[in-house]
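Marked as domain 'Response regulatory' by TrEMBL: 3-119. According to TrEMBL, the feature 4-aspartylphosphate maps to D52.
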Amino acid sequence: MKTILIIDDMELINNIFAEVLENEGYSVYNSISGLKGIEQLKSVKTDLILLDIIMPVMDGWETLDYIRADSEISDIPVIMMTAKKLLPDDIFQYGGMISGYIKKPLKVESLIKCINSFFKEKEEIDIFIKETALKTSDYEIALDVGKTAEDMLFFRKMTDKLIDVNLKDNSERTDNDLDADIEKLNSHFDALQQKFIEKVTEFDIEEYIPASLISYI
C-alpha cells in the first residue's frame with residue numbers, strides 16, 4: 001500500500017483529499033504546516049507528498065527546500081498544490097525538485113486520476129532504472145538516466161498545461177508572452193531530451209525506454 005502525506009493549512013482540504021485517496025486504497029496522513037509535515041516525514045515511510053504552496057509561516061516552496069536539503073527525506077516525490085497558476089519562473093527554479101502540480105479547486109475524479117497516473121509512471125521509471133542498471137552495471141548512471149526521464153515527463157506536462165491554462169485564461173497576458181514561456185520550456189525540454197538520448201545511445205538501452213517516453217525521443 002502506498003503512503004501519501006498531504007501538507008495543507010486548510011484542514012478541510014486535508015480531510016477531503018485523505019478520504020478520497022483512502023477510498024482508492026492509499027494510506028494517507030496529513031499536516032497543517034510545513035514544519036510539522038517535515039517532522040512527520042522522519043517517522044513515517046512515505047511514497048508521495050502533496051504540498052500546498054500558499055501557507056502561513058513557511059510556504060510550500062520553503063518547505064520543499066527543507067525537504068530536498070534533508071538527506072533522510074530528500075528523495076520523496078512531491079506534487080505541489082495551488083489555487084494560482086504555476087509561473088514559468090517557478091518551473092525553472094523548482095522543476096527538478098517536484099513531480100508535478102495540482103491546480104485547485106480540484107474535482108475528485110481529477111485527483112484520483114492524477115495520483116494513479118503518478119504512481120503508474122513512477123513504476124515505469126523505476127523498472128527502467130533497474131533494467132538500465134542491469135544493462136550498464138552502474139546504478140548511479142541508471143539513476144541519472146531515470147531522473148532525466150522524469151524531468152522530461154515533467155517539463156512536457158508543464159508545457160501542455162501552460163498552453164491549456166492560457167487558452168482558458170482571459171488575463172492580460174499576450175500571445176507573445178505565452179510564446180516566450182513555451183519557448184523557454186521547450187528549450188529546457190530539448191536539453192533534457194538530448195541528455196537522455198546520449199545516455200541511451202551510449203549504453204545501448206533503447207529496449208528499456210518506458211512507454212510514456214516513446215513519443216518524446
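Using N, Cα and C of the backbone, Cβ positions are placed for all residues, glycine too.
Curation does not apply to TrEMBL; its annotations are automatic.
Looking only at the domain 'Response regulatory' (3-119), the predicted model's pLDDT averages out at 88. Sorting the domain 'Response regulatory' (3-119) by DSSP state (H, G, I as helix; E, B as strand; all else coil) yields 50 helix, 24 strand, 43 coil.
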